Structure formats: structure tokens, C-alpha cells
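Reviewing the structure listed below.
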Amino acid sequence: MKKYILALDQGTTSSRAIIFDKEQNILGVSQKEFTQIYPNQGWVEHNPLEIWASQYGVLQEVIAKTNITQEEVAAIGITNQRETTIVWDKNTGEPVYNAIVWQCRRTAGIIEELKLDKEFSEYVKENTGLLLDAYFSATKIKWILDNVEGARERAEKGELLFGTVDTWLVWKLTNGKVHVTDYTNASRTMLYNIKELRWDERILEKLNIPKSMLPEVKNSSEVYGYTNLGGTGGVRVPIAGMAGDQQCALFGQTCFEEGSVKNTYGTGCFLLMNTGEKMIHSKNGLVSTIAVGIDGKVQYALEGSVFVGGAVIQWIRDELKLVTDAADTEYFAQKVEDNGGVYVVPAFTGLGAPYWDMYARGAIFGLTRGANRNHIIRAALESIAYQSKDLIDAMQEDAGCKLTRLKVDGGASRNNLLMQFQADITGAEVVRPIITETTALGAAYLAGLAVGFWKSKEEIAEKWAVSQSYSPNLAEEKKEKLYKGWKKAVKRAEGWEEE
């Protein structure tokens, strides 16, 4: 009897495995952290074999822990850190280099060179939906081919394969039989034409990347292959769903309709809006990406990210030592009625969308003699909501629609003061679901739909339940005054590092 879906959630700092039942209850979770490698300033790597070992380890652990049998697992769904790049030998399975992680800035020089070709920059934006940036996979592959001895020659002979983390996991789970990715992960490589749904020859040629390295692009929900979960029974379990982490969170939040939006409050914030079958080109520095691909049809999304979201709370705790526990920020922030005119702009590494200012730096503005610890803590929390509002306003303008409801998840979404302020400052209802494991849940949904475990998106949406909702409760005049203060503070922080 098929009773469960196993979701593999391969993140930037840890690998997790979660078991869901048909009612979307979580039966068990296993998690294992793995090594972050920093060979040079601004470089970030992972060992691909350690990614695999940690992911396979938690898969076996969660099955043992929950005492379920392989026969009871209907399917496996995969969600993953996006853009991270792995190149390996297709005969031996040995990686030729460490995985180059999405955060890694080593290819910034290659990007600057490419940007000199204005026509090419425009072509990339128009056809991949992305801005030329070291964040995406394309220049990471080029770097490996150019810098690892013999790599280019081997790639041209068809001996090397490229994959994002989803591709690597499926390849390992199927013992090297299956080399695939899904539409969402392909859309983050900067090599995939999201209008025509194909690898883009012009970009491949410009970067000198052999097409033979690339995986086949499949739906986000279909059976890609089978794996044996390591028992003696030899039961073959289908691997049936796959999408990048932010797209999975959008799907896990049941944002199936055009115009629906979710915000994940993690270290940074990731805001995605489903734009349906329309690919919208942002005029506000957002990227266009594929939200999901099912039955050969894709839905698109607009995506914006805040570099420093929950990380501002860590800064308050670890560097300023204003609290000993991140959860205490709510308690102290509530001790004051408002921010007392204080604004924190956490531009520690510059500002992302819609500003895109790499030279902005963090600052605290509006201090008076009466400003105290609580005002600074409150202003830090509010900065997360202001930055999210900046993105929401940009999205509304690009999509030509008004947001009435924002679905939220991620660690900082548990902070009630922050969520209430988010509702107040955006004028939209903010909704937190009962299951906040939305990324893994999205992967489970995709896999479950492919094998008939759940019959339809409608069945899934019916089971999606609200834990708490926050309605806007701030006078328009007060809202405008607060936001105007934020805009003024950002203006002062911009361009700080420039000579």
C-alpha cells in the first residue's frame, strides 16, 4: 500500500529528508549539515560527493526512524539549492572539481567582460529572463572548463556532464542511468531559452560550452527514473518530482493561480509571483523565471530577492549583542510603540532588487537622544518588511495588478510583530500556513501528482490550511509617512563605497 511521499531537500548548508502522508502530515525529518569551502575571498564551494553522502544518509535515516517500508513509499520528490554547478566524468561518476555554489562570485570578471557586449546582454535578458550575473550557472561551467586541467578537451569529447544539484542527485540515485533536469532548474542556468523552452545555442557558443554536457529538460512533475532505497527487497521507487527551492516553495504554498505571491523569510527573502502563461519582462530589476512545468506547459514567475532579511536579526544578536536569542527581538520591539523615527538599512553587501546598488552599505538613521535598544531592534525587524514592500511594489507595477494576499514561510515568518507590520506596510493580508515546510512540501506535491498519489492541484489546495493571518491595521497617512522615511534612509545609504 502506497502511503507516503519522500521529499529530499538539498539546501545550501544542509541536506534534509522529510516524509509526508496523504493528509500532508510530517511523519519524520532527518537533517545533516555539510562542509562549506571558502578557497579564496568571495569563493564558495561544496564537495559534490559530500552533498550526495549527506543526502543519501538522511534518506536512509528518515526511513529507519519512521519505521516505514520501501513498499509504502509512492514516490520521491527533489528540491534543491539553485544555480550551484557540478561537472563530472560520465563514465566514472567522479566530479572534476568541487561544486561551485550559487553565492560564489569568482566569475564576476567574466561577467564584466560579457557586459561590454550590450547586444548580447540584452539577448540574455530577453531570452533567459535573467540579468548577466555570476550568481547563475553559465559562467561557473565556463570557469571549470577554462581552469581545470584537461576539462575542456574531455568535455568536447563528450566525456563530461554538467548538472545543477537536482541533476546530480537523480544521476546518483539511478546509478548513472538518468541525466535530466526540470524546467525550473534549467531556467536558473542562464543557458536556457525560457520563451522557446530549449538550451540556447547562441549563449552556449558565446561561452564555449559543449551542448553534450547538458541534461535533458523535463517536466517538474513526471517519473524520471527509479531508485532502490537501500533495502534487501529491491523495491524500485519512482523519482517523480523536481524543482528549485524557491519554485517548490511557491508550489508548496499552492500559488497555482496567476497573480498569487509568496515570500520566504530566510537569511535573505525570496519573493515570487506566479504570472501564469505570460513571461513578464521586469522594468524594475526583477528576474523572470519558470515557476513550474507540467505536461509540457510552463507557468512563469517574477522573482525578486532581498540580500539581508533574517540575517539582520543575526547581526543584532551576534555583532551588536542586543539580544541573546533571535526570538527575543519580538519581545523587545513590542516595548516601544513605533520605530521612534529610527531606520536600519541592512545593506551589508549592497542592495538587491529593485535598487541593484553594489556600493550601498548598512546604516542606522534618525537617531535622537531618546532612541534606545528597542527602537533599533524594531527598526531592524521593520527593514525586512520595507525591503519586501520594495519588491512587492516593483512586482505590482510590472504585472499591472494589486496584491491583496501574501503567503509567507521561512524562519522569520514566525515573528508576529514582523508579519503584522508586513501587512500594515503593504496593505495586503499576510497568511502563514500550518505547514511551514513549504519547500519540501512543494517537492512532495510534484512527485505525488505524477504518480496519482494526489489526483489534482485542486485536491492539494483544499488541504492547504492557514495557521495565522494578519490584516492591515495602519492608517494610510501613517503608512505613507513611515515608507517615505525608509526611502529617504535608502537614498542616504546608496553609493556609500564609491570614491
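From the backbone N, Cα and C atoms, a Cβ is placed for every residue, glycine too.
Site annotation for ADP in Swiss-Prot covers T12, R16, T267, G411, N415, and the matching candidate from G225, G310, G362, G366 is G310.
Per Swiss-Prot, the glycerol site holds R82, E83, D245, Q246; the candidate it also names there, chosen from Y135, Y192, Y300, is Y135. DSSP assigns R82 (sn-glycerol 3-phosphate binding site) to coil, not to a helix or a strand. Highlighted in sequence order, Q81, T84, W102, R188, G244 have their Cβ within 8 Å of the centre of the Cβ atoms of R82, E83, Y135, D245, Q246, the residues recorded for glycerol, and are not part of that set. Within 8 A of the CB centroid of the sn-glycerol 3-phosphate site residues T12, R82, E83, Y135, D245, the other residues of that chain are N80, Q81, T84, V101, W102, R188, G244. Straight-line distance linking the Cα atoms of Q314 (ATP binding site) and E83 (sn-glycerol 3-phosphate binding site), rounded to a whole number, equals 25 Å. Site extent for ADP: the farthest pair of Cα atoms among T12, R16, T267, G310, G411, N415 sits 24 Å apart.
Here the CA atom of S14 (ATP binding site) lies 16 Å from the CA atom of Q246 (glycerol binding site).
It is 18 Å from the Cα atom of T267 (ATP binding site) to that of R16 (ADP binding site).
Secondary structure at S14 (ATP binding site), as computed by DSSP, is strand.
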